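Heads up: the structure comes next, in structure tokens.
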Amino acid sequence: MSTGAQTKAAAASQHADGPRLLADVGGTNARFALETGPGEITQIRVYPGAEYPTLTDAIRKYLKDAKIGRVNHAAIAIANPVDGDQVRMTNHNWSFSIEATRRALGFDTLLVVNDFTALAMALPGLTDAQRVQIGGGTRRQNSVIGLMGPGTGLGVSGLIPADDRWIALGSEGGHATFAPMDEREDLVLQYARRKYPHVSFERVCAGPGMEIIYRALAARDKKRIAANVDTADIVERAHAGDALALEAVECFCAILGTFAGNLAVTLGALGGIYIGGGVVPKLGELFMRSPFRARFEAKGRFEAYLANIPTYLITAEYPAFLGVSAILAEQLSNRTGGASSAVFERIRQMRDALTPAERRVADLALNHPRSIINDPIVNIARKADVSQPTVIRFCRSLGCQGLSDFKLKLATGLTGTIPMSHSQVHLGDTATDFGAKVLDNTVSAILQLREHLNFEHVEQAIDILNNARRIEFYGLGNSNIVAQDAHYKFFRFGIPTIAYGDLYMQAASAALLGKGDVIVAVSKSGRAPELLRVLDVAMQAGAKVIAITSSNTPLAKRATVALETDHIEMRESQLSMISRILHLVMIDILAVGVAIRRAAPNAELAEAMARAKARAGASAGDEAADVLDWLSHGAAPAAKD
């Protein structure tokens with residue numbers, strides 16, 4: 001940790017995009033720090049969580065106390081599982097949206113990770129001075145590492161080596177069911193069951209668990225204990241030699257050893273087991289003399305296996321900051337130089353070839369990408385201190401058609417910060433909040449469709465449509481909107497098409513179809529029995545069915561080709577929103593595919609196109625090229641003379 005003194009070398013190594021906010025948020029306290037450069041962590045402050053209504057309030061208080069200007073990037077390690085955008089703390093009353101918090105604080109980047117995932121990322125960099133070995137064993141290089149730590153809860157994580165980097169495991173292993181190893185622990189379990197229907201290891205070997213053990217032993221000895229006795233009091237009494245407190249600490253450490261052994265054999269942690277958290281360091285010599293290590297190795301046939309695995313107590317000050325700093329640095333590195341963010345790599349490569357004015361726009365895009373995405377051109381020009389035409393020239397220098405095209409590519413490069421899980425809209429959300437959630441949910445669904453769509457099925461569907469004699473689009477209810485949109489696009493290809501949203505008309509028309517005809521059935525549920533019966537009639541007559549629906553539905557299983565668009569809607573009872581967008585996107589993909597096939601006709605279609613040209617006075621290929629240009633909003637390449 002830096003002392004805060006600035007040397008010339010330190011100044012030279014400062015982050016170009018300004019100081020980064022680091023946070024370690026536990027169930028009791030929130031710790032904050034600023035990282036001014038790699039390894040330069042300063043202004044560490046601790047705030048009691050109970051004094052602030054929200055996490056945002058605590059961060060604002062810290063930024064005010066630290067007297068820091070704008071912070072662009074922040075990362076938070078939190079004592080809670082992190083799955084998606086919404087975080088609701090288990091051991092505290094804070095609940096927040098990551099994206100809403102980022103917007104409220106004006107950050108370009110806000111990462112939130114499990115605190116033990118962050119702590120795990122700090123382990124490879126710990127020196128011998130920052131850890132103390134307990135017992136024997138020798139760690140094996142480039143092997144799995146386990147991490148655990150009792151604090152307000154019982155954190156668990158692990159590190160897996162992968163080439164030249166480490167992958168941290170997010171885990172809630174502390175909630176595994178507690179299994180007693182002796183009669184004393186049986187007594188503790190029975191006592192804890194009076195209060196908790198499920199007794200996890202966290203209940204008995206996190207900080208509050210020591211109080212449960214102490215009271216269970218007191219009840220055994222028929223001793224009365226004051227209601228206000230807590231873990232800190234028990235540890236203090238143990239250090240003073242109190243027999244009951246000493247036994248409680250001994251039992252606590254033994255249970256912790258059992259859990260550590262479980263973690264070691266589960267992960268195959270030949271790189272060692274590390275102990276963090278705030279409780280064990282306060283035990284001092286009591287822990288060193290405890291049965292922790294003996295219980296760790298007590299695994300019967302696997303005793304020799306565990307005897308070779310070392311266990312360490314982390315003694316580094318604020319180690320979670322080191323880990324969360326590494327995670328944030330990797331995220332920002334991927335953005336500016338990783339293969340997954342080509343637009344940022346392109347800006348970096350082109351920067352030296354740009355004019356000085358264009359470089360200022362490039363720097364704004366690299367350091368404040370969301371400002372480029374969200375602001376109108378007048379604000380972008382003002383922030384970069386350039387003219388509006390310079391902004392456009394910069395975009396075109398990167399090969400973009402204009403600012404809108406550049407914004408789209410930039411947003412794609414930022415997908416790592418777009419929540420890839422569903423965010424619920426709640427009563428009381430502002431227009432900013434629920435509007436952002438609707439947009440984020442839609443973007444997330446489209447990105448996931450891109451990752452999971454079966455493009456072999458897409459190719460098959462395009463082949464079927466391109467060779468169809470007639471195409472009919474069926475959609476009931478809200479899906480009829482998609483069917484009508486598809487009809488509007490496909491009829492321009494010169495293929496007879498029609499859309500039906502009425503079940504009676506669908507049944508009447510399907511009875512007339514046969515070989516060479518195609519039905520595109522659009523359905524969110526894929527379970528309407530009437531629609532399935534209509535499709536059966538058409539397929540028995542030789543027609544083919546392309547289904548745009550969810551996976552593993554009766555419609556998907558029955559269709560000739562299924563294009564599956566799985567997603568999450570906010571509520572099943574309301575009109576489909578995300579599914580409609582995904583279905584429209586699928587229609588666009590199919591239409592573009594057919595347009596490409598028809599704009600570059602093969603020899604077998606030449607005669608048919610010649611006849612079409614004679615009748616219509618224009619080439620069918622030219623017509624398809626026009627449709628392709630229309631579908632791509634003018635972005636399709638111009639045909640050569």
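Here the Cβ of each residue, glycine as well, is placed from N, Cα and C on the backbone.
Matching 197-216, 317-336, 377-396, 457-476 against Swiss-Prot, the residues noted as DNA-binding region span 377-396. Within the same chain, residues at least six positions away from Ala23 (ATP binding site) with a Cβ under 8 Å of its Cβ are Ala30, Arg31, Phe32, Ala33, Ile59, Ala74, Ala75, Ile76, Ala77, Ile78, Val324. Helix, strand and coil counts under DSSP for the domain 'HTH rpiR-type' (341-417) come to 62 helix, 0 strand, 15 coil. Less than 8 angstroms from the CB of Gly26 (ATP binding site) sit Gly49, Ala79, Asn91, Asp115, Gly151, Thr152, Gly278, each of them six or more residues away in the same chain.
The helix, strand and coil residue counts that DSSP assigns across the domain 'SIS' (461-600) are 68 helix, 26 strand, 46 coil. Reduced to three states, the DSSP call for Asp24 (ATP binding site) is strand. Those residues of the chain, other than Ala23, Asp24, Val25, Gly26, Gly27, Thr28, with a C-beta within 8 angstroms of the mean position of the ATP site C-beta atoms are Asn29, Ala30, Arg31, Gly49, Ala77, Ile78, Ala79, His92, Asp115.
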